[in-house]
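Trainee: The (2R)-2-phosphoglycerate binding site annotation in Swiss-Prot covers 164, 339, 368, 369, 390. Look at Swiss-Prot and you will find 207 tagged as active site, proton donor. Per Swiss-Prot, Mg(2+) binding site is recorded for 244, 287, 314. Per Swiss-Prot, active site, proton acceptor is recorded for 339.
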């Protein structure tokens with residue numbers, strides 16, 4: 001039977017914050033079916049593809065997405081019906097050209113992405129392949145090392161913590177399932193530690209982490225490391241720390257305003273702030289350590305810490321190949337966060353990952369703070385062998401859904417599932433270390449290629 005697109009239909013559903021989002025169904029002539037739901041961010045980069053919302057305050061406080069849904073059911077459906085779902089590049093190119101804008105503001109990135117992902121899922125169903133294997137069909141796959149957001153602050157929580165995410169990284173294990181077990185044990189132990197120290201854990205943040213008021217940002221790290229030890233693990237051996245300060249959120253008039261500590265820091269002082277932490281704690285990754293507009297500062301940050309820790313650009317690069325290219329040229333950061341809805345199509349996401357891999361940058365596949373039960377990013381992380389994933393804490397079913405999908409994939413792959421551990425975090429070393437870099441070529445559709453570099 002034919003793999004041509006027969007039907008495209010969108011609806012408005014709710015995300016994990018109770019806000020409207022777009023869900024799309026695609027049916028092929030063969031009867032194969034694909035569905036995808038689109039996530040949404042809280043702290044968003046200024047150069048992200050545009051998420052189209054209606055702005056009618058009488059409906060969902062202005063956050064409804066009926067126009068995006070209408071765009072899928074009319075303009076986009078008419079444009080892609082009859083196209084071959086196995087040709088992902090053509091599907092995405094058709095929608096990009098139909099939109100005609102640089103940031104997908106006319107049709108909405110949420111409309112376009114929903115169709116892009118649902119089509120890919122339908123194509124996988126047509127070929128009777130698991131989604132990750134449809135994206136890349138090889139013998140062995142890298143299971144991603146999870147960054148688990150156990151303390152939430154900033155825009156993700158209603159507390160006094162300036163920095164947005166304090167994450168545990170269970171990299172000192174042989175399998176993903178062992179790492180996940182460690183993460184859950186540390187997460188539950190952290191609750192006991194926070195309560196014992198007099199902090200409230202009555203609620204959790206958008207991504208499922210605890211959201212206590214703390215005397216300082218550093219207190220979050222201290223509490224986490226205490227929990228790691230009390231759970232029976234060794235910091236720097238079994239469990240490491242990753243940070244996402246989301247610095248654009250507290251960057252005001254050229255200064256970094258840490259209100260919880262009553263500090264107003266220059267770029268150089270902010271870099272020194274991080275450098276002291278890197279020397280003191282087992283930190284392996286810092287995401288958005290400086291503001292997205294502070295490119296000169298990013299250059300200084302990379303020069304000072306780029307050979308010691310992974311420096312991830314999220315708001316900085318917004319999964320955009322053209323912006324990433326500028327960063328690579330200027331020697332800024334050494335890693336990129338991959339968020340599908342920042343760029344709006346699967347094809348462009350692959351292009352960004354390919355560019356990053358060819359430049360020696362790592363890729364971290366990521367969720368958004370406004371998530372759904374959709375598990376596509378779990379399959380994407382495995383398919384591209386990115387080696388890293390951010391999908392929240394060990395609570396809230398929208399986060400757990402991704403971890404459970406990774407457990408299923410690891411079980412299915414058996415001995416062909418490789419957990420890279422600390423080797424997933426690639427950055428230059430002061431020591432002369434011989435590195436073996438494996439290039440995995442991912443064939444997507446007829447022409448798409450993703451190159452992912454993995455240190456062995």
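Here the Cβ of each residue, glycine as well, is placed from N, Cα and C on the backbone.
Each of the listed features needs to be described in terms of its position in the shown structure.
Mentor: Secondary structure from DSSP puts residue 369 ((2R)-2-phosphoglycerate binding site) in coil.
Following the DSSP three-state reduction, the secondary structure of residue 207 (active site, proton donor) is coil.
A 10 Å cutoff on Cβ-Cβ distances gives residue 244 (Mg(2+) binding site) a total of 27 other Cβ atoms nearby, all chains included.
All protein chains considered, the CB of residue 339 ((2R)-2-phosphoglycerate binding site) has 26 other CB atoms within 10 Å.
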Trainee: Sort the recorded positions 164, 207, 369, 390 by C-alpha distance from residue 244 (Mg(2+) binding site) and give me just the closest.
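Mentor: Smallest Cα separation from residue 244 (Mg(2+) binding site) among 164, 207, 369, 390: 164.
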Trainee: Out of 207, 287, 314, point to the one nearest residue 339 ((2R)-2-phosphoglycerate binding site) in space (Cα versus Cα); all of them are recorded positions in the record.
Mentor: 314
Trainee: List which of the recorded positions 207, 287, 314 have their Cα within 10 Å of the Cα of residue 369 ((2R)-2-phosphoglycerate binding site), in sequence order.
Mentor: 207
Trainee: To the nearest Å, how far is the Cα of residue 287 (Mg(2+) binding site) from the Cα of residue 368 ((2R)-2-phosphoglycerate binding site)?
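Mentor: About 14 Å separate the Cα atoms of these two residues.
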Trainee: What residue among the recorded positions 207, 287, 314 has the most other CB atoms lying within 10 A of its CB?
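Mentor: Within the set of recorded positions, the most crowded position is 207.
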